[in-house]
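Features of the protein shown, as given by TrEMBL:
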type     : residues : note
COMPBIAS : 370-393  : compositional bias 'Polar residues'
REGION   : 364-393  : region 'Disordered'
TRANSMEM : 27-47    : transmembrane segment
TRANSMEM : 68-89    : transmembrane segment
TRANSMEM : 95-114   : transmembrane segment
TRANSMEM : 126-145  : transmembrane segment
TRANSMEM : 165-187  : transmembrane segment
TRANSMEM : 194-222  : transmembrane segment
TRANSMEM : 234-254  : transmembrane segment
TRANSMEM : 266-287  : transmembrane segment
TRANSMEM : 293-313  : transmembrane segment
Amino acid sequence: MSSEVRMSSVRMARENSVTEDSYTENLIGTLLAIFGNLLVSIAVSIQKQSHVTLAGNKDPRQYYYTKTWWSGLMLMVLGEGALFVSYAFAPLSLIAPLNAVSVITSSILGFLFLREKWKAQEFLKRYILTFLGCVLTAGGTYLFVTFGPNSHEKLNAENIVKHVIGWPVLLYLLLGIITFCLVLYFYKRRNANYLVLILLLVALLGSVTVITVKAVSGMIVLSILGPLQLSYPIFYVMFVCMVASVVFQASFLAQASHLYDSCLIACVNYIFSTTFAIVSGAIFYQEFNHEDVLHICMFLLGCSMCFLGVFLITKSKRKVKAFEPYVTMDMAKGIPTIHNKGWAVQPDYNGSFSYGALQNNDSVGPVTLPVNQERSASPSPVSPYQSSELKKD
């Protein structure tokens with residue numbers, strides 16, 4: 001009887017130690033991911049400020065000759081390194097949604113770099129969505145970090161090979177390849193240049209990227225701390241897949257940036273990439289196998305709050321085209337009309353002669369403007385249109 005009690009106490013002690021180690025590794029990975037996202041956001045802001053300064057001062061130097069740009073590059077490398085290492089410690093489903101930290105930091109830094117004075121009413125009107133989005137994203141981040149998965153295993157070559165040849169992973173890869181080929185066919189052959197399709201390709205590649213990044217990062221960290229894992233072929237297979245998926249991701253993102261607004265791309269890409277990363281972690285690394293329903297629901301609630309928060313932040317960042325007044329000539333009366341109501345895009349005025357029209361009317365013959373013969377015969381140099389005759393919208 002005493003031996004059974006002793007064995008149960010030893011088993012409980014081992015489970016407690018494993019749980020404590022898991023929480024410690026989760027904390028290390030989470031802090032590294034937050035730190036990395038902060039550094040990347042600061043680096044991008046510094047490099048952008050370098051470009052803006054050169055353009056404002058009409059400096060003929062290239063951007064790579066400035067110290068600020070190189071400082072931003074060094075911070076970006078350091079931040080990406082911290083993100084890479086974080087995958088070795090925390091679950092994949094916990095690291096992927098933390099990209100929302102980068103969105104929050106970018107919005108705050110963008111506000112600080114504006115250097116504009118706003119009245120209280122104008123400030124609230126312009127930044128209320130950004131503030132609400134930051135609050136929702138911060139609350140969602142707290143929820144999914146607190147209730148996120150806590151499963152850990154040593155990412156050695158044997159365990160990774162076991163995951164790769166498992167039927168859930170093979171089925172997931174098969175469905176992913178079929179979906180990717182179908183979407184790519186419609187995108188390339190059918191000219192379906194929809195943002196959803198392009199970013200769906202990016203997210204499918206991103207699911208492969210995060211799986212391989214976690215495997216490569218875990219094997220490198222394990223090789224530093226314990227037995228060497230770099231001599232196994234699976235390491236190089238994962239490394240090649242990681243590099244290839246990153247390159248193709250960047251290519252599709254570049255194509256999307258030429259067609260759509262960057263804020264819209266950032267919002268949709270965050271939602272798609274995070275969703276596919278969580279699904280990949282759940283299938284490949286089985287991160288939710290030992291989680292109860294309450295923790296899973298709270299984790300999904302936190303992710304949903306982050307999705308909504310990022311949407312509000314990026315929505316408030318979308319720029320409206322500046323308005324430039326223009327003049328049209330009324331064909332019936334020959335009276336110029338000044339349009340100054342603030343429309344962002346000049347409308348099409350059929351039957352009128354327009355200055356600065358957006359339409360290409362090269363195929364249309366020149367229009368003869370009606371001339372008042374009596375006034376044109378007058379020797380007075382005064383303009384035939386008096387201020388009272390000018391029409392306004």
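Keep in mind that glycine also has a Cβ here, set from the backbone N, Cα and C atoms.
Any TrEMBL annotation is an automated prediction that lacks curation.
If you look at the transmembrane segment (293-313), the same-chain residues 6 or more away from its ends with a CB under 8 A from one of its CBs are 93, 97, 100, 103-104, 107, 129-130, 132-149, 266-267, 270-271, 274, 278. By the Cβ criterion (distance under 8 Å, sequence gap of 6 or more), the transmembrane segment (266-287) is not counted as touching the transmembrane segment (68-89), fewer than 3 such pairs being found.
The stretch in 27-47, 68-89, 165-187, 234-254 that contributes the largest number of Cβ pairs under 8 Å to the transmembrane segment (194-222) is 234-254. Contact between the transmembrane segment (27-47) and the transmembrane segment (234-254) does not hold: fewer than three of their C-beta pairs are under 8 Å, each pair 6 or more apart in sequence.
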